Amino acid sequence: MEQTYQYGWIIPFLPLPVPMLIGLGLLLFPTATKSLRRMWAFQSVLLLSIVMIFSMNLSIQQINSSSVYQYVWSWIINNDFSLEFGYLIDPLTSIMSILITTVGIMVLSYSDNYMSHDHGYLRFFAYMSFFSTSMLGLVTSSNLIQIYIFWELVGMCSYLLIGFWFTRPLAANACQKAFVTNRVGDFGLLLGILGIYWITGSFEFRDLFQIFNSLISNNEVNFLFVTFCALLLFTGAIAKSAQFPLHVWLPDAMEGPTPISALIHAATMVAAGIFLIARLLPLFIVIPHIMNFISLIGIITLFLGATLALAQKDIKRGLAYSTMSQLGYMVLALGMGSYRSALFHLITHAYSKALLFLGSGSVIHSMETLVGYSPQKSQNMGLMGGLTKHVPITKTAFLLGTLSLCGIPPLACFWSKDEILNDSWLYSPIFAIIAWSTAGLTAFYMCRIYLLSFEGHLNAHFQNYSGKKNTPLSSIYIWGKEASEISKKNFCELILLKMKRTECPSFFSKKGCKLDEKVRNMIQPFLSISYLGNNKTYFYPYESDNTMLFPILILGLFTLFIGFLGIPSNHEGVDLDILSKWLTPSINLLHQNTNTSLDLYEFSKDSIFSVSIASLGIFIAFFLYKPVYSSFQILDLINLFVKRGPKRIFSDKIKKGIYDWSSNRAYIDPFYTTFLTVGMRKLAELTHFFDRRIIDGIPNGVGLMIFFVAEGIKSLGGGRISSYLFFYLSHLSFFLLIYYFLNF
């Protein structure tokens, strides 16, 4: 077994040759390298698969033996300072390694087709492989110095991937925003690392925790300084995991390609912050004020993220705020000391969110042939709807991820989220009420995203994409916006776009659909987009290719079954809770009791309330977002409640307030823009003025003064040597007299 652990160093380094070789190939042999691009993609997936198999082998050994292995090499050794590099294989490392590799393989396989027509295909795979390498290096690090090095590499990769389409101004601004926001957290992390080294004299986790706990228990260190250093360490996690108030970069990060969003939100960028808190939890747990602060940030973030997701029109931004909220649950759990619950939710959320993002990518991919390649249109849920009949596999997978995130049993997130909710009652009733209320909001906005995207009729048919700013036949109701009425006649004519299968073959068929001349004239300005130069014109979205659907289906299976990893179950004295056995060494390090989990019956009984709240959120979403065009009738159930009156006006005000809150991002971004961005620019202008006029002005002024004095003397001398000599001797005599009187 120890021989297997000795090769743990290959985990971060095995995927590294691919980005290096791609970079060298593009520099030295660009044409040949691009011609072999599918081979490089295969190599990326292959090497990451080897790491996944190796990580699974290590995990099985850890479950059976509850072992921890660390290997270090001494790099710098002297009397005052020593630095070691190595790797640490413990349950947290193996869990994160499996998470990164499995999600990474699915995303890379998906990206082969998704990015196939992009000129930056090879650059994309180089960035993605290096991203996985950096994250694997982070989770295997054995000390704080390595953590910081790979932490910065992860940030650099996210900057490159978010700004992958750097020619688009929005993408360029988004990657800069992510970079600058994370600079704040990274600077705090660096100061915290230096402060902890000042206290303990070590960067190694194995020594650091023992020394730190000993100093705290013996009261041999300034508690205020210790708390401040721990707070600085937590600042790094706040920025990386998009926690309040450094969450502003996350929705803008959606400007990158969708596979990047899936990897960032599931297993790399945002997971790095959760990993850091979990890794340093033995340090945080002995400082009660820090634990309380961590839980406070978590509860604020989970509620804020849920409210911001309520009225988003962009499908990816809605999922981004969902990620922010779910990360808040994990931070809350870690702040409460629920180590197992936090990691369990990290696992289940990763697969569910990767499924949702890849599903949204499939939807966006299919919508692009209708509305063009502008993200403002292809990602707009107001232009979707009615996709069930066109993308049934994607719809089923997306529904699976939606129900999982809503907390519906027996899907993955149900088991992990309910553990956090149950633990929150024991920690703080106020926090518990907020967390449970947010569970209902989660079910509402996730169901809203699903309904707007897949149910009803294709709303793109009701918009004019001819390039002229004509009034659309019907405005699309999302929230806070009124839909204009259309006549029943026009509506029925537009419904003819939904052609009978007996009259029209599939859009994959070579035969075109024969439409009535009147209908053809109506839809001509709407839909006239050919797909990638093909002579065939697509009038409807289409299902993605198998290379994109296969990863979605695999992630769907993970979403179905990964929750059974941590189900609390004790059958005839045999503990079937695999996750608890896996985490035994880490839980023992935290001095927590490993036998605190409920049995399956008690857990199911406690979960009734949370499932009821989630069901209520789903019901409200169905009630509010039931498709208006659900039949050939203009009136349906919701229209019975839309008559004008005092209650209607009041409800409109509430909806408008929620819409404004969500669309303006809780007014936090405008606040930062007004008081920070503008303030920093004014400060920069002030310092520039001080530097140019004061700092540079003093030596320049002295030089000018000397110049004018010299010019004056020159004019007095008249250009004659005798005059210059007279002035020289007279001034010399004057200074000699002064010197004489001062010394005698």
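The backbone N, Cα and C atoms fix where each Cβ goes, and this holds for glycine too.
Taking Cβ pairs closer than 8 Å, the transmembrane segment (9-29) reaches residues 40, 43-44, 47-48, 50-51, 54-55, 71, 87, 97, 122-123, 125-127, 129-130, 132-134, 136-137, 140, 150 in its own chain, all 6 or more past its ends. Annotated transmembrane segment per Swiss-Prot: 9-29 (among others), in sequence order.
Outside the transmembrane segment (40-60) by six or more residues, the chain places 4-5, 7-8, 10-11, 14-15, 17-18, 21-22, 33, 89, 94-95, 97-98, 101-102, 104-105, 108-109, 111-112, 121-122, 125, 128-129, 132, 136, 582 with a CB less than 8 A from a CB of the stretch. Per Swiss-Prot, the feature transmembrane segment maps to 40-60 (among others); the stated evidence is sequence analysis.
Sequence annotations record features per position, and here Swiss-Prot assigns transmembrane segment to 88-108 (among others) based on sequence analysis.
Here the transmembrane segment (125-145) has long-range neighbours at 8-9, 11-13, 15-16, 18-19, 22-23, 37, 40-41, 44, 47-48, 51, 70-72, 83-89, 92-93, 96-97, 100-101, 104, 107-108, 111, 151, 153-154, 156-158, 160-161, 164, 193, 196-197, 203-206, 208, 259-260, 263, 267-268, 271-272, 275, meaning same-chain residues at least 6 beyond its ends whose C-beta is under 8 angstroms from one of its own. As annotated by Swiss-Prot, transmembrane segment applies to 125-145 (among others).
Taken from Swiss-Prot, the feature transmembrane segment covers 147-167 (among others).
Residues or ranges marked as transmembrane segment in Swiss-Prot (evidence: sequence analysis): 219-239 (among others).
Taken from Swiss-Prot, the feature transmembrane segment applies to 258-278 (among others), supported by sequence analysis. With a cut-off of 8 Å between Cβ atoms, the residues of this chain six or more beyond the transmembrane segment (258-278) that come close are 92, 96, 99-100, 102-104, 107-108, 110-111, 114-115, 128, 131-132, 135, 138-139, 147, 151, 154, 157-158, 161-162, 164, 189, 233-234, 236-243, 250, 284, 294, 316, 319-320, 323, 327, 330-331, 334, 339, 342-343, 346, 349-351, 353-354, 357-358, 360-361, 364.
Here Swiss-Prot flags 354-374 (among others) as transmembrane segment.
Residues or ranges marked as transmembrane segment by Swiss-Prot: 396-416 (among others).
If you look up Swiss-Prot, you'll see 425-445 (among others) marked as transmembrane segment, on the strength of sequence analysis. Listed as Cβ neighbours of the transmembrane segment (425-445) (distance under 8 Å, sequence separation of 6 or more from its ends, same chain) are residues 295, 299, 302-303, 306-307, 309-310, 312, 318, 322, 325-326, 329, 332, 336, 405-407, 417, 609-610, 613-618, 620-621.
Counting only same-chain residues 6+ beyond the ends of the transmembrane segment (548-568), those with a CB under 8 A from a CB of the stretch are 102-103, 106-107, 109-110, 113-114, 340, 344, 347-348, 351-352, 354-355, 358-359, 361-362, 365, 393-394, 396-397, 400-401, 404, 410-416, 419, 576-580, 597-600, 602-603. Marked as transmembrane segment by Swiss-Prot: 548-568 (among others).
Residues annotated as transmembrane segment in Swiss-Prot: 608-628 (among others).
Counted over residue pairs separated by six or more positions, the transmembrane segment (88-108) shares at least 3 Cβ pairs under 8 angstroms with the transmembrane segment (354-374), which defines the two as touching. Looking at which of 147-167, 219-239, 396-416 has the most CB pairs under 8 Å to the transmembrane segment (354-374), the answer is the stretch 396-416.
Residues 151, 181-182, 184-186, 188-189, 191-193, 195-196, 198-199, 245-246, 273-274, 276-277, 280, 283-284, 287, 289-290, 293-294, 297, 331 of the same chain lie 6+ residues outside the transmembrane segment (219-239) yet bring a C-beta within less than 8 angstroms of a C-beta in it.
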